[in-house]
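Everything on this sheet refers to the single structure shown next.
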Amino acid sequence: MGIKRETILILDFGGQYTQLIARRIREANVYCEIVPYDISPEEIKKIDPKGIVLSGGPASVYVKNAPKCDKEIFELGYPVLGICYGVQLMTELLGGKVAPAPVREYGKTEVVINNTIPLFKGIERDTIVWMSHTDQIELPPPDFKVVASTENCPIAAIANVEKKLYGVQFHPEVSHTHRGTEIIRNFLFEVCDCSADWTMDSLIEQTVKEVRAKVGNHKAVCALSGGVDSAVAAVLVDRAIHDQLVCIFVDTGLLRTNEGDMVIETFRKNYDMNIIRVDAKDRFLSRLKGVTDPEEKRKIIGNVFIEVFKEEAMKIGDVKFLVQGTLYPDVIESGHGISSTIKSHHNVGGLPEDIGFELIEPLRMLFKDEVRQVGKELGIPDEILYRQPFPGPGLAVRIVGEVTEEKLEILRLADSIVQREMKRFGWYNKVWQSFAILPGIKSVGVMGDERTYGYAIILRVVDSMDGMTADWTKLPYEILESISTSITNEVPGVNRVLYDITSKPPATIEWE
């Protein structure tokens, strides 16, 4: 949002760990931004960063059309740290030589470092690092010294201490590198002389000022879903403009048991906010009648949501701004770096820009963990801050096939049992998501002395850091047994429970 502060720039060459680099820097209370690798020297000078990091990437620097930054970047006087592909590119551009490695290194590797240089200050001479490379430096650039080596990689790090140009072949941002955090902190504080001024307090204060200046005397609306992002965005903007903000909670009829009541009660109890609750259950269900295609269901839900939201906003009058809980990974994914992929997020709170309002996105430079930190500072209750992610289209994407009131009731009850048992066993906050799915298949069963023909419920529990990839959770058998027994005993019409043991990829977390 245009906040002027000490900044580290991360040039993105498509590495799988680029966002992890950013998180490690932010954890040190230093602000950073991920930018396209082809950013111009002029743009960099305008930003005037404290330092620059060149990320890893899948390419080889010596092949045609390999992504390369402008060589002039190394002449601007800013400290630079190249990581993996980044150090190879630095080598290539500054007159050294990179070639395929005779022995490719993957995984934990012992490295011997020169700990007299600022980058490795306080690090043991022998330490463990995470390697993942198929190329290596054969000859460092002129005026660079070799400052680390492994058994198979004689040039594992290089440095031009005078010009503050450093490069490492390993990945300090990955937790498997034993002293990786210290190496990154050394770059920030020993090399770049950062002052650790990135705090949630300062962010809140600055954002409040900027929102006030932008909104002026106009009104803003926010689609409140009860999720973490919309909640933090709403409370933050409410702190800035209070009476000028109206939050609209659209009850789609596709929510979990008592979810609408819980959200409204939580906000009204803790905050003096303008909240409008719209009951649009019948409208959503009637439009979904007979629809079985998952993408069609999503589109219908999104369109109806926009219709309802816009109608309510028009009733308020003089609304100029729309508050959205966009996060930094969304900004990166829809950006221009080579690792970018344009994704259609299924968050129905993500309204299109052409809805007729100017956007306010107070969280757009934050990662999820930082959003929760801001929420903590704002006093948002834990039951909101630590809720598991829930898809925008709600239970509609957890019912395979047509959505009906009967199926919604079955799924709500089954899902409430999953949440109850996960909390009872102390596992709710240990996993990324835990929920029930109604796949629309029926099977034969026996209850008492009678044959039954009932629905199956699928249990889905996954571990993840960010939802981009996920592993199925190895739940203890006693929890699985308790969930299964409770569902088949308490949910009418269900006689079987299955456990989905597929990771993402190849599957997605949600079924539709």
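Every residue, even glycine, has its Cβ placed from backbone N, Cα and C.
A quick note: this is a predicted structure, and the numbers were derived from the prediction, not measured.
Pulled from Swiss-Prot, these are the features on record:
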- 7-197: domain 'Glutamine amidotransferase type-1' (DOMAIN)
- Cys84: active site, nucleophile (ACT_SITE)
- His171: active site (ACT_SITE)
- Glu173: active site (ACT_SITE)
- 198-387: domain 'GMPS ATP-PPase' (DOMAIN)
- Ser225, Gly226, Gly227, Val228, Asp229, Ser230, Ala231: ATP binding site (BINDING)
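Taking the features listed in Swiss-Prot, we show where each one sits on the structure.
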residue	record	Cβ within 10 Å
Cys84	active site, nucleophile	27
His171	active site	23
Glu173	active site	26
Ser225	ATP binding site	24
Gly226	ATP binding site	21
Gly227	ATP binding site	20
Val228	ATP binding site	23
Asp229	ATP binding site	23
Ser230	ATP binding site	24
Ala231	ATP binding site	27
| said: Spatially, and counting Cα to Cα, which of the active-site residues is closest to Gly226 (ATP binding site)? Options: Cys84, His171, Glu173. | reply: Glu173
| Within 10 angstroms of His171 (active site), Cα basis - recorded positions out of Cys84, Ser225, Val228, Asp229, Ser230 | Cys84
| said: Please report the distance from the Cα of Gly227 (ATP binding site) to the Cα of Glu173 (active site), rounded to the nearest angstrom. | reply: 29
| message | Roughly how many Å lie between the Cα atoms of Glu173 (active site) and Asp229 (ATP binding site), rounded to a whole value? | response | 26
| query | At the level of the C-alpha atoms, what whole-angstrom distance separates Ala231 (ATP binding site) and Cys84 (active site, nucleophile)? | reply | 39
